[in-house]
């Protein structure tokens, strides 16, 4: 039997066989890559015969991923953009909403890294930037489906998640889908992370990323990327600005516009209408429209998040008969993702949203897109209505316009080849909800607060719009709009000059105050510090509700003096907060005021608690101020520890060189005097040490045992003491322990016939025979008297 059969091991030639198999597999992979590259090089860009993904020169993992995700037929933008991207060209892609732009850049990303044999050790190879978190999450999900057969590592980097967890995994990622702000934060803060090996950069919704709102973040982001890279830019409204292209370092980009020659810039199967409704009737029209379409899937776009919150809360109380959702940028990321998934899965629901979901988000089967607020430009309109009629499906869109906005907006839409028709609202469909909103605002202060916030945000958004041909702030009925929201009065809105709406819209959330909405021109004047008694505090006391200060800022009551006729009960005087302060200040306080404690404010004794505090040093410390350290000169004058003199006083004492010489002489003499004392002290210590050593040696010769620490020391005869007095006082024993160290004798045990009284009698008898030991023989009369006194006692 051969030896390898006993041990169970195979022959060595099998190991060589496995090595040969690996080499052959590596060789086949190299040949497949060469063939794939050859097919890409031979690809004819002018041919329009490519209709399916199987006809493109794609790798096996990509083809299998497309088949698993059920992608078979190419859209127009994919048929034109993918071949150019496979050849390494920079692309500017423009196509209608819902035309498949996401897949048009994901396939080139996977193929670029696959042909380069990219691994996790090569670092970041592809970067995909999206303007919103929801769109980035959607792109990442499509990437997971299409790239399921690839071995690349991909990550989603958006705000609202743990920065530390992202940083730990970032250096192992090959493909990143991100938002600009979060990615820039990682480039600036994450140690060891760079993009020096980046192969391809993708900008989805590029016109939104390149506008003024993201300009600073994108410019800083581009500085971290290498210049030698492939760049792909896609959007439904593409930018051709030379400055934008130069910022991204594009090299001879190919402009792909599939629907440039189309009759309309929006999908052909999209029905577009607009309704002219005054601002005061906007909510009534919106509520009636929702009530008439309860079996539909609806998206309602509003201009601000505060409007979204107010409309959602008020309609939720009205219960129109359809599930309601709301989505805006102020929500936490988890809530935003949950609402997005719920709306995607629902068949009959209404979503109130801002422009957070206006771009790129693919909501299936949306029936209606309602723009309750006029969009800021035509591009925003195109992206909003693009949430319906996705890829050859039908959809309908409605735009609400104020009579002042109608002429300018229609002219803008006509220039962009957008067909839109006017429709009128049926009278029987109209239903006023003004009284219901007013009742709800009266009963619910929080809803009233949201209404005031919504009014302010809408007024600011209209005032800050650049296109004054469409948005005419002075022609809006703001008083009627406030009444239609259910508010008792028109909130006061103040504006600042030179504001940029896009910069404000895209500003970091940390820079915005969530608790205050005031934009006052100047800071409030600080009142002069005065002595405030408990009566002053009583006059200044106001409502402690959380919204009370907000109401005082917004609502002005009593300013309207238009009515000349007096009512039966007329207001003769309106007390303001300032008037209350004056009344409180005019009150003559009888409180006792104590000055001179050292603090900045005097101490006011206006209660028994204050009088009691006078007796406590701890409580009075805060009224005494901070202590100061003073130094007294030879004349007894107090000076601070560190004093600064001006130049005139310094020069009055003589030239600087003479003062320096005098200072050196004084310090030298002071040091010499101190040196004499130091030498004498050192000499005395040496003498004491020497005498201590001699005394220890002498005691050792005499047989005295010492611990070494308290050795006897012989003093000088000059001290007036007997040098041998210390030696006489020492115990002269036989080397045993001293009496103090001996244990006291044990007490004798009691006999059976003894008790405590016997012990007391015995102690009394002992005390009668007291013996007084005399240390020395009395020599003087005083010694004899002291001895006699002791015997008498």
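Every residue, even glycine, has its Cβ placed from backbone N, Cα and C.
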Range among 200-203, 204-207, 208-211, 212-215 that Swiss-Prot annotates as motif 'DEAD box': 204-207
Matching range for Swiss-Prot feature annotation, region 'Disordered', among 497-535, 536-574, 575-613: 497-535
For the motif 'Q motif' (51-79), distant same-chain residues with Cβ under 8 A (at least six beyond the ends): 32, 36, 39-40, 43, 86, 93, 95, 99-101, 103-104, 107, 110-111, 114-115, 142, 145-150, 256, 258-259, 391
For the domain 'Helicase C-terminal' (282-431), mean pLDDT (0 to 100): 92
